[in-house]
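According to TrEMBL, the features are:
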DOMAIN    216-321  domain 'Fibronectin type-III'
DOMAIN    325-420  domain 'Fibronectin type-III'
DOMAIN    427-540  domain 'Fibronectin type-III'
DOMAIN    541-637  domain 'Fibronectin type-III'
DOMAIN    649-737  domain 'Fibronectin type-III'
DOMAIN    738-833  domain 'Fibronectin type-III'
TRANSMEM  955-979  transmembrane segment
Amino acid sequence: SAPLPQSVSCIPHILPPPLFHSAHFISRSHPLSPSRAMILVQVNPGETFTIRTEDGHFQCITGPAQVPMVSPNGTMPPIFVPPGYVSQVVEENGMRKVLVLPHAMEFHPSLPPVPPHLPLYASPHPAMLHHPHVFPTELPHYVHQLPALPVYSEQGEREHLHYIYIYGIWLTLLSRATYSFIILHRQAKVVLGVLPKDSYWYPEEEVRRVQELLSAVCKPAVGSLTSHSAVLSWRPPLPLPSEVDTHSNTRAHTALLLSYELALSQSGTEGDFKLVYQGKDTTCTVGDLRPAAHYYARVCVACSSVKGAPSETVAFTTLCGTPDAPAAPRLIQRTKSSISLQWTSPNDNGSKITGFYLEYHEGKQSAFKEVYSGLAKQYKVMRLMPSTKYAFRLAAKNDVGMRCVSGLSLVLNCCCTASCSASPPAPPSPPRLTEAGVTWLSLEWGAPCGSASRDTPTYILEMEDKESVNPPVCDGGAPVSQYCVEMTQSAEEYQQQVFCGSDRCCTVSQLLPGRTYLFWVKACNPAGWGPLSEMCQASTAPGPPEQCSAPQLILNTSTSGLATWQTPEGNGAEVCAFRMEWGLQEGALELLYSGPLTQYEVSDLQPATEYRCRVQAVSAVGAGLFSDVATVTTPASVPAAVEHVEEMREGPLGDVMAHSPATTLALRWKEPNCHGAEISSYNIDIGEELPLSTGRTSYHILENLQPDTTYRIRVQAVNSMGAGPFSSVLKLRTRALPPEPPVLECAVAGPQSLKLKWGEGLIRPQTSRGTHYCLHMQLGVDRSICIYSGPSHTFKVQRLCEATDYQFSIQAHSEAGMGPLSPSYTFSTTRSPPPQLKAPKVELIERNKYAVTWEAHQPMKGDLIVYKLQMLRGREVEQLYKGPVTSYTWHNTSAGVACRLRVYAGRRSQDGSELWGQCSLSTGLPATEPPREHRISSCHEPQPRRSWPLTDEPFATVLLLGFVVLAVLFAVLIQYFVIERE
């Protein structure tokens with residue numbers, strides 16, 4: 001390893017820097033030099049320890065590691081401290097520690113030590129980077145609290161940070177406010193008994209806990225609410241030690257460490273909050289608010305650089321206020337004695353405007369006089385003086401009060417006109433209704449008639465010549481240029497102009513159905529507008545009802561609800577019925593109710609489903625527009641009934657079912673509708689007391705059942721709302737146990753075959769669903785083959801060896817599975833008889849003496865071959881010879897009788913038993929020649945008739961031919977008598 005440096009400079013580098021950093025130092029004697037003291041610097045994981053040696057090189061060591069260092073002379077070297085600080089050596093638990101403290105700070109040895117794994121955030125102070133450093137024998141282990149030193153950042157701001165002096169460098173801890181807050185918070189917990197006095201302090205965990213406590217601030221409380229301001233207050237989020245009287249000063253100090261940020265929003269969305277207050281007070285009066293407006297407020301608590309999450313939002317609505325100041329009225333018409341004004345409604349600030357107040361004065365420093373009060377937004381001031389200036393102002397009032405009058409006054413002159421030749425025309429005749437529609441009215445009127453002025457006319461007659469002077473005509477002395485029709489729905493409302501033209505008829509459109517309207521008409525000539533005519537009252541034709549408002553939907557249960565609605569305006573005809581449409585999609589609503597009621601109860605709804613509804617009013621005229629669509633979502637409920645429960649024979653459970661099909665049943669089903677709450681499990685009822693509960697799966701294996709038993713199975717789904725209904729009953733029967741093996745027997749044993757039988761009943765093929773058998777034959781010690789598999793109860797094993805033992809076993813299998821294998825059965829084949837011999841040869845040796853020979857057989861497996869010669873005389877059989885010789889000389893004592901000879905071959909075993917084969921074909925005796933003298937003497941005698949003995953073979957042939965001839969004869973007869981006659 002590299003030699004230990006005597007003078008080093010240590011600069012820990014940590015990315016990213018945590019809040020604290022700590023290196024642990026252990027003073028130990030160096031084994032090489034008793035005068036030196038070795039110090040082990042522990043580097044935590046994830047940190048890098050940089051050493052600068054005397055020659056200026058840097059060596060980086062990455063944790064976890066322990067770096068040994070040696071002091072120059074083994075004694076306590078001087079420790080350089082900043083001005084205002086002193087070093088103090090404290091011995092605790094046999095370990096010396098060097099603490100760097102200010103002059104006025106007292107050391108409290110009862111404070112708990114830092115745990116060994118405490119991380120450290122190390123940041124070198126700029127003023128100490130090039131300071132000469134000497135290792136102390138024992139280094140500072142833990143400093144509880146140090147006062148702040150001023151540090152200037154790049155922006156020139158002064159920040160108070162805490163430092164610890166270790167290895168000649170300054171290590172930054174926390175800002176003063178946050179550090180003090182953590183200390184006070186910990187002291188509060190110790191005082192209140194939450195933490196023991198000797199517990200360890202984990203700064204990272206404490207900072208996280210502080211952030212959680214800052215985030216636990218409650219939402220602000222609203223008090224002293226007005227139309228333009230609100231007082232918001234909140235409580236500190238931390239359990240301060242104010243409950244202990246002796247620590248009341250700590251509460252005040254801690255409260256000063258917290259700062260609050262109050263944010264306000266009118267929409268409540270995250271990006272709309274604006275900061276309206278930032279400070280240390282827990283109460284704030286927010287002004288400049290709008291009356292009758294909704295606001296959302298939240299507060300956030302910060303402690304220096306540690307900031308908690310915003311609190312929950314509190315919603316409040318400011319009180320209603322007086323209306324805003326209305327704008328100055330607007331001039332719409334004036335004459336020499338009247339002025340017509342019009343105005344608009346200001347903002348009512350949450351309370352409906354109950355009236356307008358119009359005032360005026362003549363401009364001669366006189367007070368304002370009220371000339372109108374009401375809800376109309378237009379007024380005609382009459383009986384004014386011509387050529388006079390008037391000032392007007394307007395005020396609005398609601399239930400809260402009256403707003404100050406409009407800031408601007410309207411100053412107008414009342415015009416004064418005079419004409420010797422013309423005056424405004426007289427009022428026309430009242431309008432007359434000619435035709436009425438649903439949304440329009442057609443009117444006509446006559447020309448002006450009567451006096452043009454409302455004042456009583458006077459005339460002065462002067463005689464100058466024979467001609468007389470005539471009074472003014474009805475049009476005021478000038479032709480009428482145009483007419484104006486004014487309309488309103490009531491006498492109190494402002495009259496609006498609906499027609500202006502030269503025609504004496506008009507059609508007013510865009511009217512409401514079934515409404516009554518008031519009409520006036522006036523005429524105009526170059527002298528001005530004449531007075532209004534008498535009022536005409538006309539009504540539009542009835543129309544369909546107005547559009548209904550959106551229905552109100554109230555849920556009674558998760559499957560039923562009540563829909564209610566209001567009766568709209570009938571537009572001149574009484575509403576007689578309503579139509580309610582209901583459905584899941586807005587474009588696919590169906591008619592659910594039609595009738596006179598204003599409510600309807602809907603049932604059979606699906607839980608956790610959104611439904612849509614709209615209503616239409618109907619009258620005798622027709623149907624109105626549908627209302628806006630109202631939506632309602634039914635609450636979650638228990639799951640629906642499980643469907644498609646069936647037995648599963650194949651699939652992922654096939655391997656499991658193959659092991660014990662007689663005691664198991666595999667079920668599968670389709671997951672039902674969860675009705676808004678996720679399905680958590682299923683219950684399976686098989687007729688027992690308690691249903692079987694399973695997890696969330698679509699299949700399950702029922703085990704430990706009784707074989708060949710019928711079960712009634714039901715399944716139900718379960719969610720957080722409860723258990724749903726059971727499915728329909730499914731009847732399933734477990735399979736029977738596999739059949740036992742039958743008893744195997746040998747029915748017929750041959751030399752080369754064995755006919756085996758088993759079971760009971762007739763030998764007949766079974767159906768594919770019946771029991772099948774598998775017959776095994778043993779070929780060796782541990783080898784057997786299946787020589788037959790099928791439903792039959794017998795099987796003939798062929799191609800066997802004679803006199804040989806064979807072992808067989810059998811097992812049965814059915815739908816229940818393969819049964820066990822039977823024990824081994826041993827059966828033996830018989831010995832094989834010798835093959836059939838050819839017909840023996842017979843030679844005449846002497847008269848009535850014959851030599852009979854036949855072929856010989858080889859011994860068969862050591863058994864001696866013996867022969868047996870028989871003579872056939874009619875139906876009589878006589879044995880002539882028995883023995884191993886293949887020839888025999890025979891003397892016929894029955895001359896003149898037809899005889900035939902045949903021979904048998906047999907095998908004689910060592911135990912003396914004999915096994916005979918089939919007999920050979922028989923051979924007749926050759927003819928015997930008579931004596932010569934006898935032949936001569938008999939030439940003259942008639943010869944006897946010659947006969948041939950009928951043996952078995954010719955007899956069978958003749959019999960067969962007879963049957964053939966008889967069959968042919970019967971066929972001819974049937975062909976002739978039956979077929980041809982039909």
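Backbone N, Cα and C define each Cβ position, glycine as well.
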Listed stretches 216-321, 649-737, 738-833 vs the domain 'Fibronectin type-III' (541-637), most Cβ pairs under 8 Å: range 649-737
The domain 'Fibronectin type-III' (541-637) resolves under DSSP into 3 helix, 45 strand, 49 coil
The DSSP breakdown of the domain 'Fibronectin type-III' (738-833) into helix, strand and coil residues is 0 helix, 45 strand, 51 coil
For the domain 'Fibronectin type-III' (649-737), the DSSP residue counts stand at 6 helix, 36 strand, 47 coil
DSSP composition of the domain 'Fibronectin type-III' (216-321), residue counts helix/strand/coil, works out to 19 helix, 40 strand, 47 coil
